[in-house]
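Colleague: Per TrEMBL, the features are:
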DOMAIN    53-241  domain 'Dihydroorotase catalytic'
BINDING   HIS64, HIS66, ASP156, ASP309  Zn(2+) 1 binding site
BINDING   HIS66, LEU67, ARG68, ASN98, ASN282, HIS313, PHE327, GLY328  substrate binding site
BINDING   ASP156, HIS183, HIS236  Zn(2+) 2 binding site
ACT_SITE  ASP309  active site
Amino acid sequence: MGIWILNGLTVDANNVQTKKHVLVENDKIAQVLDASNGEVPQTAGHEVIDAAGKLVSPGFIDMHVHLREPGFEHKENIATGTRSAARGGFTTIACMPNTRPVIDTVDTVNYILDKAATEGVVRVIPYGTITKNELGRELTDFAALKEAGVIGYTDDGVGVQSAQMMKDAMALAASLGMPIIAHCEDDTLVVGAPVNEGTFATKHGLKGIPNESEAIHVGRDVLLAEATGVHYHVCHVSTEQSVRLIRHAKQFGIKVTAEVCPHHLLLSEEDIPGMDANWKMNPPLRTPRDVQAVIEGLEDGTIDIIVTDHAPHTEEEKAKGMMLAPFGILGFETAFSLLYTKFVLTGKWTLGFLVDRMTKKPADVFGLPYGTLEVGSVADITIVDLDTTKAVLKEEIVSRSKNTPFIGWELQGWPVVTIASGKIVWS
Ligand code: DOR
Ligand code: ZN
Ligand code: ZN
(Lines of atoms letter the chains of each structure in order from A and count residues from 1; the text may use other names and numbers.)
(Lines give C-alpha, C1' and ligand atoms only; values in the text may rest on other atoms or scores of the structure.)
(Ligands and ions follow the chains in the order given, each with its own letter.)
Protein backbone atom coordinates (compact mmCIF):
# COMPACT_ATOMS: atom_id res chain seq x y z
CA MET A 1 0.00 0.00 0.00
CA GLY A 2 1.23 3.45 -0.93
CA ILE A 3 0.22 7.00 -0.05
CA TRP A 4 -1.45 9.28 -2.59
CA ILE A 5 -1.02 12.98 -1.81
CA LEU A 6 -3.78 14.62 -3.81
CA ASN A 7 -4.18 18.09 -5.31
CA GLY A 8 -1.20 19.68 -3.57
CA LEU A 9 0.53 22.78 -4.84
CA THR A 10 4.09 22.25 -6.04
CA VAL A 11 6.47 25.07 -6.81
CA ASP A 12 9.84 25.30 -8.55
CA ALA A 13 12.73 27.73 -8.13
CA ASN A 14 11.18 30.04 -10.74
CA ASN A 15 7.97 30.01 -8.75
CA VAL A 16 6.05 28.08 -11.38
CA GLN A 17 3.16 26.61 -9.36
CA THR A 18 1.40 23.42 -10.42
CA LYS A 19 -1.31 21.32 -8.82
CA LYS A 20 -0.13 17.69 -8.59
CA HIS A 21 -0.98 14.24 -7.28
CA VAL A 22 2.03 12.43 -5.81
CA LEU A 23 2.21 8.70 -5.08
CA VAL A 24 4.64 7.43 -2.46
CA GLU A 25 5.39 3.73 -2.57
CA ASN A 26 7.89 2.07 -0.26
CA ASP A 27 10.54 4.73 0.17
CA LYS A 28 10.24 6.25 -3.31
CA ILE A 29 8.16 8.74 -5.25
CA ALA A 30 6.40 6.32 -7.59
CA GLN A 31 4.17 8.62 -9.67
CA VAL A 32 3.47 12.30 -10.15
CA LEU A 33 0.34 13.34 -12.02
CA ASP A 34 -0.59 16.81 -13.22
CA ALA A 35 -3.85 17.56 -11.43
CA SER A 36 -4.46 20.75 -13.41
CA ASN A 37 -4.52 18.64 -16.60
CA GLY A 38 -7.22 16.47 -15.06
CA GLU A 39 -5.04 13.38 -14.73
CA VAL A 40 -6.84 10.98 -12.38
CA PRO A 41 -4.96 8.84 -9.87
CA GLN A 42 -5.86 5.21 -9.15
CA THR A 43 -6.20 5.52 -5.39
CA ALA A 44 -7.80 2.14 -4.66
CA GLY A 45 -5.83 0.25 -2.03
CA HIS A 46 -3.76 3.30 -1.07
CA GLU A 47 -3.83 5.70 1.83
CA VAL A 48 -4.97 9.16 0.67
CA ILE A 49 -3.88 12.55 1.98
CA ASP A 50 -5.92 15.50 0.76
CA ALA A 51 -3.42 18.30 0.18
CA ALA A 52 -5.76 20.67 -1.64
CA GLY A 53 -4.70 24.25 -0.99
CA LYS A 54 -1.50 23.09 0.71
CA LEU A 55 2.08 23.24 -0.44
CA VAL A 56 3.67 19.89 -1.30
CA SER A 57 7.41 20.44 -1.13
CA PRO A 58 10.45 18.21 -1.19
CA GLY A 59 11.41 17.61 2.44
CA PHE A 60 13.45 20.51 3.78
CA ILE A 61 17.20 20.07 4.16
CA ASP A 62 19.14 21.66 7.03
CA MET A 63 22.90 21.46 6.60
CA HIS A 64 23.75 22.98 10.00
CA VAL A 65 22.27 21.55 13.18
CA HIS A 66 23.37 20.54 16.68
CA LEU A 67 21.82 17.31 17.97
CA ARG A 68 24.00 17.21 21.12
CA GLU A 69 24.39 13.44 21.20
CA PRO A 70 26.71 12.04 22.44
CA GLY A 71 27.53 13.96 25.59
CA PHE A 72 24.92 16.69 25.99
CA GLU A 73 21.71 14.67 26.04
CA HIS A 74 20.23 16.98 28.67
CA LYS A 75 19.93 19.59 25.88
CA GLU A 76 18.82 17.32 23.00
CA ASN A 77 19.41 13.85 21.62
CA ILE A 78 19.02 12.21 18.25
CA ALA A 79 15.49 11.02 19.06
CA THR A 80 14.22 14.43 20.21
CA GLY A 81 16.25 16.46 17.70
CA THR A 82 15.05 14.49 14.68
CA ARG A 83 11.44 14.79 15.90
CA SER A 84 11.87 18.52 16.27
CA ALA A 85 13.28 18.55 12.72
CA ALA A 86 10.31 16.56 11.44
CA ARG A 87 7.90 19.03 13.04
CA GLY A 88 9.71 21.79 11.15
CA GLY A 89 9.39 19.91 7.87
CA PHE A 90 13.04 18.82 7.66
CA THR A 91 13.82 15.35 6.32
CA THR A 92 17.60 15.59 5.98
CA ILE A 93 19.77 17.24 8.60
CA ALA A 94 23.55 17.49 8.84
CA CYS A 95 24.78 17.42 12.42
CA MET A 96 27.70 19.36 13.77
CA PRO A 97 30.51 17.51 15.52
CA ASN A 98 30.87 19.62 18.69
CA THR A 99 29.53 16.80 20.83
CA ARG A 100 31.38 15.03 23.66
CA PRO A 101 33.35 13.17 22.49
CA VAL A 102 33.54 15.31 19.36
CA ILE A 103 32.97 13.53 16.07
CA ASP A 104 36.63 13.03 15.28
CA THR A 105 36.84 9.24 15.06
CA VAL A 106 35.21 6.51 13.01
CA ASP A 107 33.72 5.07 16.22
CA THR A 108 31.83 8.27 16.98
CA VAL A 109 30.60 8.56 13.39
CA ASN A 110 29.32 5.00 13.65
CA TYR A 111 27.68 5.76 16.98
CA ILE A 112 25.76 8.68 15.43
CA LEU A 113 24.74 6.71 12.36
CA ASP A 114 23.57 3.72 14.46
CA LYS A 115 21.58 5.94 16.82
CA ALA A 116 20.04 7.83 13.90
CA ALA A 117 19.03 4.56 12.22
CA THR A 118 17.42 3.14 15.37
CA GLU A 119 16.09 6.22 17.18
CA GLY A 120 15.94 9.00 14.59
CA VAL A 121 12.94 9.77 12.39
CA VAL A 122 14.68 11.79 9.67
CA ARG A 123 17.96 11.30 7.82
CA VAL A 124 21.00 12.39 9.82
CA ILE A 125 24.31 13.05 8.07
CA PRO A 126 27.26 13.81 10.33
CA TYR A 127 30.16 16.16 9.86
CA GLY A 128 33.55 15.16 11.20
CA THR A 129 35.84 17.65 12.86
CA ILE A 130 38.79 19.29 11.12
CA THR A 131 41.01 18.95 14.18
CA LYS A 132 41.13 16.42 16.99
CA ASN A 133 38.88 17.51 19.83
CA GLU A 134 38.32 20.78 17.92
CA LEU A 135 41.49 22.04 19.56
CA GLY A 136 43.07 23.33 16.37
CA ARG A 137 46.29 21.40 16.93
CA GLU A 138 46.18 18.24 14.83
CA LEU A 139 44.12 17.20 11.83
CA THR A 140 41.77 14.24 12.12
CA ASP A 141 41.95 11.23 9.78
CA PHE A 142 39.93 12.76 6.93
CA ALA A 143 40.05 9.66 4.72
CA ALA A 144 38.81 7.36 7.49
CA LEU A 145 36.04 9.78 8.45
CA LYS A 146 34.97 10.06 4.82
CA GLU A 147 34.88 6.28 4.55
CA ALA A 148 32.73 6.17 7.72
CA GLY A 149 30.18 8.52 6.15
CA VAL A 150 30.83 12.17 7.07
CA ILE A 151 29.77 14.75 4.52
CA GLY A 152 32.52 17.27 5.25
CA TYR A 153 34.83 18.62 7.92
CA THR A 154 34.19 21.45 10.36
CA ASP A 155 35.21 22.61 13.83
CA ASP A 156 31.86 24.40 14.21
CA GLY A 157 31.55 26.10 17.56
CA VAL A 158 35.07 27.48 17.17
CA GLY A 159 37.16 28.91 14.38
CA VAL A 160 40.36 27.24 13.16
CA GLN A 161 42.84 29.83 14.38
CA SER A 162 45.93 28.80 12.46
CA ALA A 163 46.02 29.67 8.77
CA GLN A 164 48.54 26.88 8.16
CA MET A 165 46.25 24.35 9.85
CA MET A 166 43.33 25.52 7.73
CA LYS A 167 45.43 25.38 4.56
CA ASP A 168 46.58 21.83 5.35
CA ALA A 169 42.96 20.84 6.07
CA MET A 170 41.78 22.32 2.78
CA ALA A 171 44.52 20.61 0.77
CA LEU A 172 43.69 17.26 2.35
CA ALA A 173 39.92 17.73 1.91
CA ALA A 174 40.44 18.77 -1.73
CA SER A 175 42.45 15.63 -2.42
CA LEU A 176 39.49 13.59 -1.13
CA GLY A 177 36.90 15.64 -3.01
CA MET A 178 35.35 16.75 0.29
CA PRO A 179 34.27 20.23 1.51
CA ILE A 180 35.54 22.29 4.44
CA ILE A 181 32.76 23.97 6.41
CA ALA A 182 33.92 26.93 8.45
CA HIS A 183 32.73 28.59 11.62
CA CYS A 184 34.55 31.88 11.03
CA GLU A 185 35.80 33.49 14.20
CA ASP A 186 39.16 34.99 15.07
CA ASP A 187 39.65 34.46 18.79
CA THR A 188 42.03 37.37 19.20
CA LEU A 189 39.17 39.75 18.46
CA VAL A 190 36.59 38.30 20.84
CA VAL A 191 37.40 37.99 24.47
CA GLY A 192 34.42 37.34 26.70
CA ALA A 193 31.89 39.17 24.56
CA PRO A 194 28.32 37.85 24.55
CA VAL A 195 26.77 40.12 21.90
CA ASN A 196 27.63 42.20 18.84
CA GLU A 197 29.96 45.15 19.21
CA GLY A 198 27.32 47.84 18.77
CA THR A 199 24.42 49.67 20.36
CA PHE A 200 23.21 46.88 22.67
CA ALA A 201 26.70 46.20 24.02
CA THR A 202 27.29 49.91 24.60
CA LYS A 203 23.97 50.42 26.34
CA HIS A 204 24.51 47.49 28.69
CA GLY A 205 28.23 48.00 29.24
CA LEU A 206 29.19 44.72 27.58
CA LYS A 207 32.13 43.77 25.44
CA GLY A 208 31.16 43.23 21.83
CA ILE A 209 32.00 40.75 19.08
CA PRO A 210 33.17 42.85 16.12
CA ASN A 211 32.22 42.05 12.51
CA GLU A 212 35.89 41.62 11.64
CA SER A 213 36.25 38.57 13.86
CA GLU A 214 34.04 36.74 11.35
CA ALA A 215 35.11 38.46 8.16
CA ILE A 216 38.86 38.10 8.75
CA HIS A 217 38.46 34.33 8.63
CA VAL A 218 36.26 34.55 5.54
CA GLY A 219 38.87 36.68 3.79
CA ARG A 220 41.74 34.42 4.84
CA ASP A 221 39.87 31.26 3.93
CA VAL A 222 38.73 32.27 0.44
CA LEU A 223 42.39 32.91 -0.37
CA LEU A 224 43.32 29.50 1.04
CA ALA A 225 40.46 27.94 -0.91
CA GLU A 226 41.79 29.57 -4.06
CA ALA A 227 45.24 28.18 -3.33
CA THR A 228 44.04 24.65 -2.57
CA GLY A 229 41.03 24.31 -4.87
CA VAL A 230 38.83 22.99 -2.06
CA HIS A 231 35.08 23.47 -1.86
CA TYR A 232 34.90 25.96 1.00
CA HIS A 233 31.56 26.56 2.71
CA VAL A 234 31.00 29.47 5.11
CA CYS A 235 28.74 28.87 8.11
CA HIS A 236 26.08 31.28 9.37
CA VAL A 237 27.12 34.45 7.53
CA SER A 238 26.17 37.45 9.68
CA THR A 239 28.12 40.47 8.48
CA GLU A 240 28.13 42.85 5.55
CA GLN A 241 31.90 42.38 5.20
CA SER A 242 31.61 38.60 4.89
CA VAL A 243 28.96 38.95 2.19
CA ARG A 244 31.21 41.33 0.29
CA LEU A 245 34.20 38.97 0.50
CA ILE A 246 32.19 35.92 -0.57
CA ARG A 247 30.67 37.85 -3.49
CA HIS A 248 34.13 38.90 -4.61
CA ALA A 249 35.51 35.37 -4.25
CA LYS A 250 32.67 33.94 -6.32
CA GLN A 251 33.32 36.51 -9.03
CA PHE A 252 36.89 35.22 -9.11
CA GLY A 253 35.72 31.65 -9.62
CA ILE A 254 36.78 30.45 -6.17
CA LYS A 255 34.77 27.42 -5.10
CA VAL A 256 32.99 29.03 -2.16
CA THR A 257 29.42 28.53 -0.93
CA ALA A 258 27.66 30.01 2.08
CA GLU A 259 24.67 29.72 4.37
CA VAL A 260 22.54 32.07 6.46
CA CYS A 261 20.18 31.47 9.38
CA PRO A 262 16.61 32.80 9.77
CA HIS A 263 17.58 34.82 12.86
CA HIS A 264 20.30 36.70 10.99
CA LEU A 265 17.82 37.49 8.20
CA LEU A 266 15.14 38.68 10.61
CA LEU A 267 16.67 40.19 13.72
CA SER A 268 19.26 42.80 14.57
CA GLU A 269 20.87 43.81 17.86
CA GLU A 270 18.22 46.53 18.09
CA ASP A 271 15.55 43.87 18.58
CA ILE A 272 17.14 42.37 21.69
CA PRO A 273 14.64 43.23 24.44
CA GLY A 274 17.05 43.08 27.37
CA MET A 275 19.50 40.80 29.12
CA ASP A 276 17.65 37.66 27.97
CA ALA A 277 20.03 34.90 26.84
CA ASN A 278 17.44 33.49 24.45
CA TRP A 279 18.75 36.24 22.18
CA LYS A 280 22.35 35.11 22.55
CA MET A 281 23.90 33.19 19.72
CA ASN A 282 27.18 33.03 17.86
CA PRO A 283 27.59 34.81 15.53
CA PRO A 284 25.47 37.39 17.34
CA LEU A 285 22.62 39.51 16.04
CA ARG A 286 24.32 42.32 14.16
CA THR A 287 23.21 45.76 12.96
CA PRO A 288 20.26 46.47 10.63
CA ARG A 289 22.83 47.21 7.93
CA ASP A 290 24.28 43.71 8.29
CA VAL A 291 20.79 42.21 8.20
CA GLN A 292 20.14 44.05 4.93
CA ALA A 293 23.46 42.80 3.54
CA VAL A 294 22.80 39.12 4.30
CA ILE A 295 19.31 39.42 2.81
CA GLU A 296 20.78 40.91 -0.36
CA GLY A 297 23.49 38.25 -0.34
CA LEU A 298 20.89 35.50 -0.26
CA GLU A 299 18.79 37.22 -2.90
CA ASP A 300 21.66 37.68 -5.39
CA GLY A 301 23.08 34.17 -4.88
CA THR A 302 26.18 35.19 -2.91
CA ILE A 303 24.72 33.18 -0.05
CA ASP A 304 23.47 29.86 -1.39
CA ILE A 305 21.29 28.26 1.25
CA ILE A 306 19.28 28.68 4.43
CA VAL A 307 20.20 26.64 7.52
CA THR A 308 18.92 26.89 11.08
CA ASP A 309 22.01 26.32 13.29
CA HIS A 310 19.50 24.61 15.63
CA ALA A 311 21.42 24.91 18.92
CA PRO A 312 19.46 23.64 21.93
CA HIS A 313 20.41 24.63 25.48
CA THR A 314 18.38 24.02 28.64
CA GLU A 315 16.38 26.63 30.47
CA GLU A 316 18.76 26.37 33.44
CA GLU A 317 21.71 27.08 31.17
CA LYS A 318 19.99 30.02 29.51
CA ALA A 319 18.86 31.35 32.90
CA LYS A 320 22.51 32.06 33.72
CA GLY A 321 22.03 35.34 31.89
CA MET A 322 23.55 37.15 28.95
CA MET A 323 27.14 36.92 30.18
CA LEU A 324 27.29 33.29 31.31
CA ALA A 325 24.70 31.41 29.26
CA PRO A 326 25.92 29.40 26.27
CA PHE A 327 25.47 30.71 22.72
CA GLY A 328 22.70 29.31 20.54
CA ILE A 329 18.97 29.16 19.80
CA LEU A 330 16.54 26.56 18.46
CA GLY A 331 15.89 26.54 14.74
CA PHE A 332 13.89 23.67 13.28
CA GLU A 333 10.35 24.33 14.36
CA THR A 334 10.01 27.97 13.33
CA ALA A 335 12.31 28.27 10.28
CA PHE A 336 9.78 27.90 7.49
CA SER A 337 6.93 29.82 9.07
CA LEU A 338 9.22 32.70 10.05
CA LEU A 339 10.59 33.12 6.55
CA TYR A 340 7.26 32.49 4.86
CA THR A 341 5.55 35.08 7.05
CA LYS A 342 8.26 37.73 6.96
CA PHE A 343 9.55 37.39 3.39
CA VAL A 344 6.99 35.61 1.21
CA LEU A 345 3.76 37.05 2.58
CA THR A 346 5.29 40.53 2.50
CA GLY A 347 6.05 40.13 -1.20
CA LYS A 348 9.85 40.28 -0.85
CA TRP A 349 10.47 36.69 -1.99
CA THR A 350 8.50 34.22 -4.01
CA LEU A 351 7.44 30.97 -2.40
CA GLY A 352 9.57 29.21 -5.02
CA PHE A 353 12.68 31.11 -3.92
CA LEU A 354 12.21 30.19 -0.25
CA VAL A 355 11.50 26.52 -0.97
CA ASP A 356 14.46 26.26 -3.35
CA ARG A 357 16.88 27.62 -0.74
CA MET A 358 15.65 25.04 1.78
CA THR A 359 15.50 22.01 -0.55
CA LYS A 360 17.13 21.77 -3.95
CA LYS A 361 19.88 24.33 -3.39
CA PRO A 362 21.33 22.67 -0.28
CA ALA A 363 21.15 19.29 -2.05
CA ASP A 364 23.05 20.75 -5.00
CA VAL A 365 25.68 22.46 -2.86
CA PHE A 366 26.49 19.23 -1.02
CA GLY A 367 25.84 16.78 -3.86
CA LEU A 368 22.91 15.05 -2.13
CA PRO A 369 20.27 13.11 -4.11
CA TYR A 370 17.39 14.76 -2.16
CA GLY A 371 15.39 17.97 -2.42
CA THR A 372 13.30 16.87 -5.41
CA LEU A 373 9.87 15.38 -6.12
CA GLU A 374 11.01 13.64 -9.28
CA VAL A 375 9.67 10.15 -9.91
CA GLY A 376 12.16 7.56 -8.65
CA SER A 377 13.70 9.82 -6.02
CA VAL A 378 13.57 9.13 -2.29
CA ALA A 379 10.15 10.05 -0.88
CA ASP A 380 11.06 12.98 1.38
CA ILE A 381 8.02 15.24 1.32
CA THR A 382 6.75 18.11 3.44
CA ILE A 383 3.15 19.27 3.26
CA VAL A 384 2.65 22.83 4.47
CA ASP A 385 -0.56 24.57 5.46
CA LEU A 386 0.09 28.03 4.02
CA ASP A 387 -3.07 29.60 5.44
CA THR A 388 -3.15 28.98 9.16
CA THR A 389 -1.75 31.65 11.45
CA LYS A 390 -0.81 30.69 14.97
CA ALA A 391 1.51 31.72 17.73
CA VAL A 392 4.77 29.99 18.54
CA LEU A 393 3.97 28.25 21.82
CA LYS A 394 6.54 26.97 24.24
CA GLU A 395 4.31 24.02 25.20
CA GLU A 396 4.27 22.83 21.60
CA ILE A 397 8.03 22.75 21.11
CA VAL A 398 9.16 19.21 20.41
CA SER A 399 12.85 19.83 21.02
CA ARG A 400 14.09 18.91 24.48
CA SER A 401 15.12 22.55 24.91
CA LYS A 402 13.00 25.70 24.63
CA ASN A 403 15.57 28.40 23.90
CA THR A 404 14.07 30.54 21.20
CA PRO A 405 13.42 34.28 21.00
CA PHE A 406 10.35 33.62 18.85
CA ILE A 407 7.90 32.50 21.55
CA GLY A 408 4.62 34.35 21.06
CA TRP A 409 5.30 35.33 17.44
CA GLU A 410 2.19 34.97 15.26
CA LEU A 411 3.30 33.09 12.16
CA GLN A 412 1.64 31.74 9.07
CA GLY A 413 2.65 28.67 7.04
CA TRP A 414 3.09 25.54 9.16
CA PRO A 415 4.34 22.10 8.11
CA VAL A 416 1.48 19.66 8.78
CA VAL A 417 2.76 16.37 7.38
CA THR A 418 6.39 15.32 7.04
CA ILE A 419 7.28 12.17 5.13
CA ALA A 420 10.85 10.87 5.35
CA SER A 421 11.95 7.96 3.16
CA GLY A 422 8.28 7.19 2.49
CA LYS A 423 7.20 7.14 6.16
CA ILE A 424 4.98 9.72 7.83
CA VAL A 425 7.16 11.04 10.66
CA TRP A 426 5.12 14.10 11.64
CA SER A 427 1.44 14.91 11.25
O1 DOR B 1 25.20 29.89 18.67
C2 DOR B 1 25.94 28.94 18.52
N3 DOR B 1 25.69 27.76 19.11
N4 DOR B 1 27.03 29.09 17.79
C5 DOR B 1 27.96 28.15 17.70
O6 DOR B 1 28.93 28.36 17.03
C7 DOR B 1 27.84 26.90 18.46
C8 DOR B 1 26.44 26.60 18.76
C9 DOR B 1 26.31 25.58 19.83
O10 DOR B 1 26.91 24.50 19.71
O11 DOR B 1 25.54 25.80 20.76
ZN1 ZN C 1 29.12 28.03 14.33
ZN1 ZN D 1 26.52 25.70 14.70
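Each Cβ is built from the backbone N, Cα and C atoms, and glycine gets one as well.
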Colleague: For the binding-site residues ASP156, ASP309, work out the Cβ neighbour count at 10 Å and name the residue with the minimum.
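Modeller: If we count Cβ atoms within 10 Å for the binding-site residues ASP156, ASP309, the smallest count is at ASP156.
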Colleague: Tell me the Cα distance separating ASP309 (Zn(2+) 1 binding site) from LEU67 (substrate binding site), rounded to the nearest angstrom.
Modeller: 10
Colleague: Would you list, in sequence order, the residues of this chain other than HIS64, HIS66, ASP156, ASP309 that have their CB within 8 A of the centroid of the site's CB atoms, where the site is the one recorded for Zn(2+) 1?
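Modeller: In sequence order, the nearby non-listed residues are VAL65, MET96, GLY157, HIS183, CYS235, HIS236, VAL307, THR308, HIS310, ALA311.
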Colleague: Cα within 10 Å of HIS64 (Zn(2+) 1 binding site) is the criterion; apply it to the binding-site residues ASN98, HIS183, ASN282, HIS313, PHE327, GLY328 and give the hits in sequence order.
Modeller: none
Colleague: Give me the Cα-Cα distance between ARG68 (substrate binding site) and ASP156 (Zn(2+) 1 binding site), rounded to a whole Å.
Modeller: 13
Colleague: Would you report the average pLDDT that the model assigns to the domain 'Dihydroorotase catalytic' (53-241)?
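Modeller: PLDDT averaged over the stretch: 98.
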Colleague: Would you mind reading off the Cα separation of ASP309 (Zn(2+) 1 binding site) from HIS183 (Zn(2+) 2 binding site), to the nearest angstrom?
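Modeller: Their Cα atoms are separated by 11 Å.
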Colleague: Starting from the Cα of HIS66 (Zn(2+) 1 binding site), work out which of the binding-site residues (ASN98, HIS183, ASN282) are within 10 Å.
Modeller: ASN98
